[in-house]
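Student: Sharing a structure here in structure tokens format.
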Amino acid sequence: MLNLFVSLELLLKLRCCLGTVCGIEWYGYAALGILTAILSFLMDLSVAKLLRAHQWLYTMLEGNVLLQFLCWTLYPACICAIASSFSHNICPFSTGSGIPEVRTMLAGFEMPHYLSLTNLFSKFLGLICTLAAGSTVFLGKVGPFVHLSTMVGGYLSNLSAGQMLVVSAGVGVASCFGAPIGGVLFSVEVMSSHFALRHYCPCFFSAACGALTFRLLAVWGGDGETLQALFRTNFPDALPFYPLEILLFAFLGLLCGAVSCCYLFCHRWILRFTKTNPVFAKMLTTEKALYSGMVVFFLASLTFPHFAGHYMASKMWMLVLACTLPLPAGYFMPVFIYGAAIGRLIGEGAAYLSSTGVTPGQQWASVNPGGYALAGAAAFSGAVTHTLSPVLVAIELTGQFTHAVPILLATLLANALSRSGQRPSFYDALSISKRLPHLPSLKKLCRVSKVSTKLQSMTETIKL
């Protein structure tokens, strides 16, 4: 008992000493970034081992097309069914992205079940199974990891003061990509309508700790020799693009904006259809594992390399269908990759035309398709989420600052076209579908107040 009192006294003295240096809450911010980065690294390590096991089994069955087909389809279907069943039985709140729920909590609404330890455990394991399904389900980890980071921040907020929930939103993105600046701006644009200036320093500090830890763990794990961008590119610095190519980047931005409008419409339609159709509504309520297994088996069958997968990897309707799966999954990275594919297609077309001499002159002598892929990724993902932060995410991911201006131009044009007509963003559509309470934007509030003021003045004039 005496030793216990001595230990508690030493801990209290240590806390007082640390608090006098810079405030105990800053140690909590650092711990949040480090713990989230460790979770991200462990998840990537586990997913890599499961994907290698699937690839090894598929390679060992070389020569038998039927067994390879069963391996290609049943492996992801079974693990996705396990993820759905695990999430449904352990914690039903762990399915989906988690970003709409985090937005609701940051708006001031109490949702304690979404920050429970059970939810943290089930979402972590379920997301590993989802990512281990590979490219057949076209899903990522950004959204669920923002939710996981928020759960860690919720527990750390009990140990130290500070705005842990607000800070943790940006840490989740930074720990996934090693992109602290883009992660913080993503949290500002997506996670909360009203962001206080006092939160910027804690957000950047915690995100920097998370990104640094994530990259250091990769170096110590043998994936790299030093700290660098996650997907390093080597575009030419002398003349990265010609002046007239700005027109192509602008066209790419408009194209990504138009495709994003189509994608958002299909996404809203599939959300309404799964809720109103009695068959799908019943399966998503009582037979989630069966539904996930059937959908993933269907998608994997289409991507089997010896059949249709030999000619294509995915199409937009397959991504829309994958978004209905009741399991932990992220939706940012799929649209990021889809936009990169659109940009690469435009870039390869421009490079082909320049090589055949259709476009005369030195202005089109050497077109770099990689720059268009980078611009397409940022433009399409930004248009789908109604954000500009994917510009910084793309730059931090690749370390390529030479294309910053055309990437920003393409993303701005894509956003302008996607926002026209007051269309809701991807995450807004999820919040509306789930009927989650959320605060309106300040812009809409100003409009409503102006209209109410005019109506009130007109009423008073009539009375007089």
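Cβ from N, Cα, C; glycine included.
Since this is a predicted model, take the numbers as computed values, not measurements.
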Student: Suppose you had to name the range TrEMBL annotates as transmembrane segment; which of 55-77, 124-146 would you pick?
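Tutor: Going through 55-77, 124-146 one by one, TrEMBL flags 124-146 as transmembrane segment.
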Student: Run the contact check on the transmembrane segment (29-51) against the transmembrane segment (166-188): 3 or more C-beta pairs under 8 Å, excluding pairs closer than 6 in sequence.
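Tutor: Answer yes, regions in contact.
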Student: State, in range form, which of 166-188, 200-221, 241-266, 317-338 has the highest count of Cβ pairs under 8 Å to the transmembrane segment (124-146).
Tutor: 317-338
Student: With pairs closer than 6 in sequence left out, are the transmembrane segment (241-266) and the transmembrane segment (200-221) joined by 3 or more CB pairs under 8 Å?
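Tutor: Answer no, regions not in contact.
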Student: Can you tell me which parts of the same chain pack against the transmembrane segment (317-338), counting only residues 6+ beyond its ends and a CB-CB cutoff under 8 A?
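Tutor: Same-chain residues near the transmembrane segment (317-338) but 6 or more away: 80, 83-84, 87-88, 94-98, 122-123, 126-127, 129-130, 137-145, 260, 263, 266-267, 270-271, 274, 280, 284, 288, 291-292, 295-296, 299, 302, 377-378, 380-381, 384-385, 390, 393-394, 426.
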Student: Same chain, outside the transmembrane segment (289-311) by at least 6, Cβ under 8 Å from its Cβ: which residues?
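Tutor: Distant contacts of the transmembrane segment (289-311): 65, 68-69, 72-74, 76-78, 80-85, 88, 133, 135-138, 280, 283, 318, 321-322, 324-327.
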